[in-house]
Amino acid sequence: MRILLYANVLTSESEPYFFEVIDTLKEFGVHIGIYKDIRNHFIESNAEAVAGYEVIHDYYQLKEEMYDFLLSLGGDGTILNATLLVKDVNIPILGINLGRLGYLSSVEKTKIREAIQDLLEGAYSIDERTMLELKSKPELFKEQNFALNDFTIHKRDNSSMITVQTYMDDEFLNTYWADGLIISTQTGSTGYSLSCGGPIVAIGCDNFIITPVAPHNLNVRPVVLSEDVTLRFKVQGRADNFLCTLDSRYELITSEHEMTIKKADFKIKLVDLEKMSYFKTLRNKLMWGKDLRNKKMH
């Protein structure tokens, strides 16, 4: 088996878990590759730790047959960045949570060996997740114009609301007067959209969710659409600039930008270990349905 290790940042606290992953993979005879940021982290302080491993620098270097899995070492943000490395190369991603919440990174750091054994024994399934693709004039985000969670438009320079004219395919959908607008996938429905009152959409439902941020209209509510539609946006406001985001990345836009969101031509594969179902993750990570009234508050 061949496994690629990916991380954005390793700290003194997370390094021991990185070495636990390395040692466990070596024990089972796994071929190991590492992302360039891991190599760069150790190159001056401990070059021997990463000597001899194949180093992957970018998307263009990857081929599907090179690796069976990518292990993402970090939090959910690390997985979001890993999707941009993998894109349509078709390598499944398993997240080992070295961060905080770890909703997408479902493997806790105390379960590293167990998770690797499950991979080797085939005790997993693959979830295929929709990616958003942004097309815009003028161009935004260059070749990283994809998102696993969401695309958002926000006010930026003052406290005034923005106006977002929204079209679905060739039909006018709505004009949103709000602080911002979120377009999320079913994966992103448990993220920023949920915090703004959007619904939880189960994986496999194949939907987009449009959720306004603090709308100035009591009648405006989140709407669930088929992911097969194309959405188009024009934003206006009193400020000269507005904020546009794809997952954790952002760029400034103006009223001259016209942006289109559609389903990407590829899906991201996330590894789902059989011990952690979607709804079990909801209950454990987001406390979904938990009654805390009898718990002591600290």
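From the backbone N, Cα and C atoms, a Cβ is placed for every residue, glycine too.
What TrEMBL records for D76, G77, N149, D150, D179, T190, G191, Y192, S193, L194, S195, A214 is NAD(+) binding site. For D76, the entry in TrEMBL reads active site, proton acceptor.
Known features from TrEMBL, placed on the structure.
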residue	record	DSSP (3 states)
D76	NAD(+) binding site	helix
N149	NAD(+) binding site	coil
D179	NAD(+) binding site	coil
G191	NAD(+) binding site	coil
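Those residues noted as binding NAD(+) (D76, G77, N149, D150, D179, T190, G191, Y192, S193, L194, S195, A214) have their most widely separated CA atoms at a distance of 25 Å. The Cβ of S193 (NAD(+) binding site) has D150, I182, S184, I209, T211, P222 as same-chain neighbours under 8 Å, each 6 or more residues away in sequence. Counted over every protein chain shown, other Cβ atoms within 10 Å are most numerous around N149 among the binding-site residues N149, S195. Contacts of G191 (NAD(+) binding site) defined by a Cβ separation under 8 A and a same-chain sequence distance of 6+ are given as Y103, N149, D150, S184, in order along the sequence.
Neighbour density around each Cβ, counted as other Cβ atoms within 10 Å, peaks among the binding-site residues D76, D179 at D76.
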